[in-house]
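Annotated features in TrEMBL:
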type    : residues                    : note
BINDING : A:Asp92, A:Asp94, A:Asp96   : Mg(2+) binding site
BINDING : A:Cys93, A:Cys111, A:Cys118 : Zn(2+) binding site
DOMAIN  : A:45-120                    : domain 'Phosphoribosyl-AMP cyclohydrolase'
REGION  : A:1-24                      : region 'Disordered'
There are 2 protein chains.
Amino acid sequence: MPSPTKEGTEAGATIEEATRFSPKFGPDGTLPAVAICAQTGEVLMLAYMNDEALARTLETGEAHYWSRSRGKLWKKGETSGNVQKVVELRTDCDQDAVLLKVEMIGSPAACHTGRRSCFYRVAEMGGAADGKDGSFGPLRFVDAERLFDPETVYGAE
Amino acid sequence: MPSPTKEGTEAGATIEEATRFSPKFGPDGTLPAVAICAQTGEVLMLAYMNDEALARTLETGEAHYWSRSRGKLWKKGETSGNVQKVVELRTDCDQDAVLLKVEMIGSPAACHTGRRSCFYRVAEMGGAADGKDGSFGPLRFVDAERLFDPETVYGAE
């Protein structure tokens, strides 16, 4: 197995040990991108990137994503002003996911609901959470304070 | 907009404010699951769960995933012994991703390469990383020490 620190050609290197970034996008042309706070390491959000979003992120140092619901490239903060400055971008062993260390410019809230993180609800462990009725049980709100008013920032729906 | 702490019926609650866990699986029946260390908050890995993997995780308190490459349910640690005890499971605003706070049982290495985290390579920012040749530039190994030998644990390929 090649040395993890060895530079050189990719001949024979597995995807896990490769020294070139050759991301594996999924069938829809995207891969998941996890954004964490560069200072605290908190997980802020998970979104998706296609090749263009990834290229623009690497070129500009500002996070760009692909909106699967709107079918368009999306610069984080283009509406809210809450841009994500990318301090570091990592890929994983299989090169089918990326991790971004970001500094939030403007509000520290990364979630479109105005919250710091998109992960503000805890699912109950144990019990009959079998999903047979389409539900996996109750959710409990934590760290759910709103740091901005989404209606003010994005307009009423 | 409903109060974030309000319990009650789901009538009229948006997916973002819902108090029931009704995960939105993708077209392939899975959603991404990010595992972080319960003690340090480090991002360890990103894998996928289908409804069965999610149900078993909630029921047993041990992380189960869906292997997209092998097309089967997979209990983390079933081969390596490095089980993930799930301390907390959160969902995100759109309920189409989950975040697991885990305690690693056995080795602290979550990656099948023997490393602590799957995110052990940094992509170079800036430059002509346009992906036009299928590559987005060089990768640099960081935090890439192997904590176990994958050949010993999983056998030679």
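Glycine is treated like the rest: Cβ placed from N, Cα and C.
Looking at A:Asp94 (Mg(2+) binding site) and A:Cys118 (Zn(2+) binding site), their Cα atoms lie 25 Å from each other.
Non-local neighbourhood of A:Asp92 (Mg(2+) binding site): A:Val98, A:Leu99, each in the same chain, at least six residues away, with C-beta under 8 Å from its C-beta.
Counted within 10 Å of its Cβ, the other Cβ atoms near A:Asp94 (Mg(2+) binding site) come to 19, all protein chains included.
Contacts of A:Cys111 (Zn(2+) binding site) defined by a Cβ separation under 8 A and a same-chain sequence distance of 6+ are given as A:Leu44, A:Met45, A:Ser117, A:Cys118, A:Tyr120, in order along the sequence.
In this view, A:Cys118 (Zn(2+) binding site) is surrounded by 25 other Cβ atoms within 10 Å of its Cβ, with every protein chain counted. Cβ packing within 10 Å was compared across the binding-site residues A:Cys93, A:Asp96, and the lowest neighbour count falls to A:Asp96.
Taken residue by residue with DSSP, A:Asp94 (Mg(2+) binding site) is part of neither helix nor strand, so it is coil. DSSP classifies A:Cys118 (Zn(2+) binding site) as coil under the three-state reduction.
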